[in-house]
Amino acid sequence: MQYSEIMIRYGELSTKKKNRMRFINKLKNNMEHVLSIYPDVSVKTDRDRGHVYLNGTDYHEVAESLKEIFGIQAFSPSFKVEKNVDTLVKAVQEIMTSVYKDGMTFKITAKRSDHSFELDSRALNHTLGDAVFSVLPNIKAQMKQPDINLKVEIRDEAAYISYEDIRGAGGLPVGTSGKGMLMLSGGIDSPVAGYLALKRGVDIEAVHFASPPYTSPGALKKAHDLTRKLTKFGGNIQFIEVPFTEIQEEIKAKAPEAYLMTLTRRFMMRITDRIREDRNGLVIINGESLGQVASQTLESMQAINAVTATPIIRPVVTMDKLEIIDIAQKIDTFDISIQPFEDCCTIFAPDRPKTNPKIKNTEQYEKRMDVEGLVERAVAGIMVTTIQPQADSDDVDDLIDDLL
């Protein structure tokens, strides 16, 4: 027998009574975006659960994609069978004999939304249970926590049988908590921060600062690839490339070396905030981890934050580097992040950056520059690209193109 659909059980959105259908519709949209790499797959949702119709597509590939989508609590692959008792008996016997191992217990859980079906749920439980005993006489029934819970659902169009419950990613559907601007470098931390924001339903847009010729096309592609890895959790992400060369050259020419990093980060924050305002974002998200580098001391954060009143979310702020790496490996961004391309945060990094910069000093150095003009030109020069999910085979094609 071949799986015909995957039944989706919702996560935390089940508690959002007033906005329930908005959450469900957003989850449906996200599933359609992520599963768009499987052209024959279709998605339907209702108030209680979702249905992913495979239409001949390999179940295992689709299941791997579903495991990453936030808002899904669990899912079950299901067999579609003809809606009559004899067919159900044969299907249940075939499934049970294929999955049963010595000592396992079982339970039949039948329900029907089609109340015209010839047996009610209780009678169907008994009939199908007897059918299992007839082919597996040594099996034992267990009502609480059985090894195999065979679920049978009678719908208007057909009957569906499932026995597996596969854990989903949990969290909230991406886009149900508003929009945030993710400051995405090419490092390990910021993609993890983006992932954690996505998990809580934030629709992220990735803001990446590029400083050619100091940063290479390889660094830009790396940022694109990191963004694409994040699309598997909720669908398309807008990638915003910010031209940053002029600003970095100006800072280097007019400020003391010890303050280069602080001033650079203040400009980045101003620009990201301006983009956020233009694109109706609510927050800024970054990958700062307290004490990890000189620009991530509390004093540095205070000096950098001073340029905006917008909330700054730092999902990894209390994590050790190894904790962040563990998540990066889990979400498959780590190997990309360690590719040897310099980003604009490293190209002019001073040997001894100021770890406790003073706000009054940063403001004094910025008076030497046309801050507003620099910010306006950078924002005017942004390039926005839609990054979409892609199949693993596309990754191979991209690698071949890069080599050629």
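Cβ from N, Cα, C; glycine included.
Annotated features in Swiss-Prot:
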DOMAIN    60-165  domain 'THUMP'
BINDING   Met183, Leu184, His208, Phe209, Arg265, Gly287, Gln296  ATP binding site
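Swiss-Prot feature annotations superimposed on the structure.
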residue: Met183; record: ATP binding site; CB count, 10 Å: 24
residue: Leu184; record: ATP binding site; CB count, 10 Å: 28
residue: His208; record: ATP binding site; CB count, 10 Å: 27
residue: Phe209; record: ATP binding site; CB count, 10 Å: 26
residue: Arg265; record: ATP binding site; CB count, 10 Å: 24
residue: Gly287; record: ATP binding site; CB count, 10 Å: 25
residue: Gln296; record: ATP binding site; CB count, 10 Å: 20
Farthest-apart CA atoms of Met183, Leu184, His208, Phe209, Arg265, Gly287, Gln296, residues recorded for ATP, distance in Å: 19
- prompt: For the domain 'THUMP' (60-165), DSSP counts of helix, strand and coil?
  reply: 37 helix, 31 strand, 38 coil
- prompt: Tell me, what is the mean pLDDT of the domain 'THUMP' (60-165)?
  reply: 95
